[in-house]
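Input: a single structure, listed below in structure tokens.
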Amino acid sequence: MEHVTRRTQVLRNHLLLQSSPPGLLSPNHCVSYSPPDVAEPLSFNPTDMRILLDAHNLPDRDWLFGLFTQSHLFNPLPRGAKVFVLPDYNQPMEQQREVTMERIWYMLEKGVYEGWLTDTSPEAQMRRFALLEVIGIYDHSLAIKLGVHFFLWGGAIQFFGTKSHHDKWLRDTENYAIKGCFAMSELGHGSNVRGIETVTTYDSNSGEFVINTPCESAQKYWIGGAAEHATHTIVFSQLNINGKNQGVHAFIAQIRDADGNVCPNIRIADCGHKIGLNGVDNGRIWFNNVRIPRENLLNSVADVSPDGQYLSAIKDPDQRFAAFLAPLTTGRVNIAIAAIYSSKTSLAIAIRYSLTRRAFSVTPNGPEVLLLDYPSHQRRLLPLLAKTYAMSFAGNDLKKIYVKRTPESNKIIHVVSSAYKATFTWHNMRTLQECREACGGQGLKTENRVGHLKSEYDVQSTFEGDNNILMQQVSKALLSEYVATKKRNKPFKGLGLEHMNKPCPVIPSQLTSSNVRCSEFQVNAFCLRERDLLHRFATEVSKYQAQGQSKEYAFLLSYQLAEDLGRAFSERIILQTFIEAEATVSAGPLKDILSLVRSMYALICLEEDAAFLRYGYLSTDNAAVVRKEVTKVCSELRPHALALVNSFGIPDAFLSPIAFNWIDANAWSSVHH
């Protein structure tokens with residue numbers, strides 16, 4: 001009753017204030033902006049944290065941020081006392097596409113792409129990652145347009161081609177003398193690449209391949225760059241030699257001449273307006289007896305002799321097909337990392353806003369409360385912040401593995417990149433939605449970025465591999481490793497499963513605040529979940545096979561365990577990379593805050609995954625301890641929230657007006673007449 005009376009008084013005061021005559025209002029009644037940077041103490045140096053988070057090429061990143069702010073091409077937007085650099089998503093689709101190409105030319109002139117394809121050293125690849133991350137922070141369309149050209153078209157030539165292809169195509173690609181795209185997806189087949197219907201035959205009389213679209217479902221679909229700008233494409237097609245289908249192969253085909261005219265026997269249509277990424281000209285392509293030279297087969301995996309003999313050192317069709325999917329690994333790495341930086345952007349905006357926006361008072365006549373001082377608001381944003389930190393360290397680790405890849409490491413890169421692509425992009429969409437809601441009505445404005453980023457990044461869940469299918473691939477790889485290891489009767493080695501060689505971890509019967517924050521407990525809990533789920537998954541698949549089901553169908557019937565296992569694998573390796581990053585930091589304030597963020601990551605994973613309760617890894621009492629501890633850690637992270645998002649190193653100009661003085665940004669004086 002006392003609570004009801006107090007809330008009634010608060011609401012009465014609000015109503016009396018709003019109904020007072022205008023002349024009686026004093027300036028003290030007006031909401032004012034107070035910069036959080038003044039009120040929020042720093043317990044650690046955000047610059048040191050940024051070095052840990054970005055990990056590499058910080059000067060290159062800052063150089064590119066600077067280039068963007070120097071040109072009107074990047075749409076400077078004055079708001080209050082600040083100028084923001086934001087794409088104008090209110091432009092028609094055609095203008096968005098045109099300005100995306102203009103920005104590409106601008107960066108070409110400034111030397112941004114130097115060595116992106118012609119220098120394959122680890123250092124050059126890490127620079128390329130860093131610059132693409134900055135580009136993605138500015139505009140996802142721009143990053144995707146570049147990604148298609150360099151990493152799909154260019155990557156296919158690098159991975160599938162041989163020296164003659166590299167010499168002929170890579171330099172011209174890097175200099176944009178040609179503009180490439182990547183024609184894999186079809187109207188009838190997306191994730192199931194093996195089922196694509198485009199057909200290529202070989203004419204030994206002319207020494208040419210002949211590409212055909214035999215039916216409407218075989219039209220190439222969603223091909224980035226195809227609608228307007230691309231001059232060449234990689235065509236993925238079934239290769240039919242002497243009446244025998246040799247499976248999917250990759251070919252280079254020209255689709256436009258130097259003047260932009262569509263080549264003979266090729267038809268191109270626009271995919272039209274999309275919910276996001278309208279700066280990318282996605283198109284559809286039909287081929288009608290399109291002839292290309294024999295040399296345009298990308299032949300690192302297989303070749304066709306002048307007289308029409310099929311040649312390949314890889315005799316197994318399954319292994320040969322797997323080799324053709326290599327460029328998608330690059331794409332998945334890029335997509336996963338881009339999702340992290342999108343989450344960083346939205347969290348920086350939402351948390352900065354919540355440190356200056358007030359709503360309601362909790363005492364009669366008292367001041368209104370900052371949004372982030374509400375425990376519920378902390379619960380909404382700070383666990384997502386911790387997950388973003390954890391995924392940032394995991395992404396850095398993936399990049400290191402990728403740039404130092406060997407034939408032996410290709411499997412782990414495929415599995416981890418698939419797991420991260422799904423996990424990070426799902427996390428990003430959840431983060432964007434929560435940040436949009438946390439910004440209230442301001443989150444709906446395009447210039448405030450968060451709401452619109454949802455549309456821009458939604459595609460990440462399905463392109464270059466549907467997330468659900470990728471996670472099934474992860475579980476299938478783990479199952480294969482499990483079965484093979486048991487068959488050999490040897491210790492586990494690979495895919496991070498070495499923890500299964502140790503005794504099964506035991507969870508304390510009674511958890512406390514102290515032991516749930518211990519990294520040893522956290523790792524044990526995550527490893528227990530993964531090893532048990534892998535055993536359950538293998539047992540269930542085996543049971544279905546014993547009942548007469550095929551291995552593939554048995555796997556499909558066990559999809560729920562497969563999903564649980566994929567999540568367990570991903571979250572466990574993310575936690576381990578966090579702990580490894582934490583171990584590189586000397587004792588002090590930075591290490592202390594990292595420990596707190598890591599505990600938040602581990603605890604929120606324990607709380608959110610029903611598998612911990614479903615399979616009995618946590619008792620209901622222990623689950624209650626975890627839940628209570630999440631709330632406690634939120635309150636402990638609250639004083640560090642500003643420093644944690646400032647550590648992302650995203651310049652003010654690349655955030656949004658509500659991240660700063662949102663009153664000045666919306667003042668009448670800022671309205672353009």
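Glycine is no exception: its Cβ is also placed from the backbone N, Cα and C atoms.
Copied from TrEMBL, the annotated features are:
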DOMAIN    181-290  domain 'Acyl-CoA oxidase/dehydrogenase middle'
BINDING   Gly224  FAD binding site
DOMAIN    328-479  domain 'Acyl-CoA oxidase C-alpha1'
ACT_SITE  Glu464  active site, proton acceptor
DOMAIN    521-655  domain 'Acyl-CoA oxidase C-terminal'
Between Gly224 (FAD binding site) and Glu464 (active site, proton acceptor): CA-CA distance (Å): 12
Mean per-residue pLDDT computed across the domain 'Acyl-CoA oxidase C-terminal' (521-655): 97
The residue listed as 'FAD binding site': tally of other CB atoms within 10 A of its CB: 26
Three-state composition of the domain 'Acyl-CoA oxidase/dehydrogenase middle' (181-290), taking helix and strand from DSSP: 6 helix, 54 strand, 50 coil
Glu464 (active site, proton acceptor), number of other Cβ atoms within 10 Å: 25
